[in-house]
Each structure stands twice: as structure tokens, then as C-alpha cells.
Amino acid sequence: MASPSKAVIVPGNGGGDVTTHGWYGWVKKELEKIPGFQCLAKNMPDPITARESIWLPFMETELHCDEKTIIIGHSSGAIAAMRYAETHRVYAIVLVSAYTSDLGDENERASGYFTRPWQWEKIKANCPYIVQFGSTDDPFLPWKEQQEVADRLETKLHKFTDCGHFQNTEFHELITVVKSLLKVPA
């Protein structure tokens, strides 16, 4: 598989400008310091409900996620990355605050991601590198679901106890992970 030439940040749902929300803009800026590497962080269509039927085609046709892409997905974006990798080859997925069910939430149910079983083996077959960040004190996601993603996908899990839903403004550990995937010194 060819070495990656870009990262794509797929944000969590909720709206707002992706480049100024949380760590997304900071990560984009840091990754673009790597020579010859591009990082896309675009506002997603349907940002509140984050419907699979809208997000996955956007990831394919507008963000051009392919086998030279590292998809960095946060929350709903992590779910989109996993569903995308069920049917598309990508270089890597980096999952931040990933989960496996609609959490009993009406908006999550409406997104369409949770209407069928996960195809864990297809994700692993289409994606040679899977890294995960999760925190036991996430106020929105039970640790059990984050651990299930780690177990089913055999991710390289970075487990924290104090990062909540990873809504900070910088994310140094993520930069280190992407650089290791690129074999660039940290």
C-alpha cells in the first residue's frame, strides 16, 4: 500500500466552524508542517445529525478518502470513519471517542449508523492501521463501548482517565501517532 499523502479530520456532530472548534484547527496546522503532507478539515454537510447517507458520500467525493488517506475521526466522525472503512480501503483510521451504539439518543438513532451490525472484519481488512484514543471519564460515552471498539478492531489503544470527550484545543498525542504512521520523527 502506498504511503499516506494526507489526513482528513472528520469532526463530531454539532456544527460550528471545524477549523476553530476544539483541536481540529490546531491538528491541521501541525500536520501541515510535515513536508509534502496535506490535512483537510472541512465543514461537513448535515452537521447536527451527521447522517451516514450524507457524510459517507461526502468523504468519498469531496474529501477523497482513499488508500493514501489517514482518516482522523472524532466522536460521530469516528463512527463515520469506521462505517467508511467497511467498504473503502484507507491507509489508517485514528478513532477519537469511538462508540458502538446509538446510546439511546434520538439524534444518534436518526444518523443511520446503528441500523445494522458492525462489519469488524471488513474494517480490519480495508485498513491496515487502526489507532484509538479513549478516556474513561468521557461524559457522553460509556467506557464499555470504547473498549468494545478496541477489542473488535484490535486497535492500538491510547487509554486516558482524564481527557473526557477530547474537546481540548491541542492534541499532541495525536500528532505523535500520525507522525509514527508516516515514519516521521516526532
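Just so it is clear, glycine is given a Cβ too, placed from its N, Cα and C backbone atoms.
Checking the ranges 63-67, 138-142, 148-152 against Swiss-Prot, the region 'Involved in binding to RB1' annotation falls on 63-67. Between the alpha carbons (Cα) of His165 (active site, charge relay system) and Asp138 (active site, charge relay system) lies a span of roughly 5 Å. Take the CB of Ser75 (active site, charge relay system) and look out to 10 A: across all protein chains shown you find 25 other CB atoms. Around His165 (active site, charge relay system), a 10 Å sphere centred on its CB holds 18 further CB atoms from the protein chains shown. Across the region 'Involved in binding to RB1' (63-67), DSSP classifies residues as 0 helix, 0 strand, 5 coil. For the pair Ser75 (active site, charge relay system) and Asp138 (active site, charge relay system), the C-alpha distance works out to 11 angstrom.
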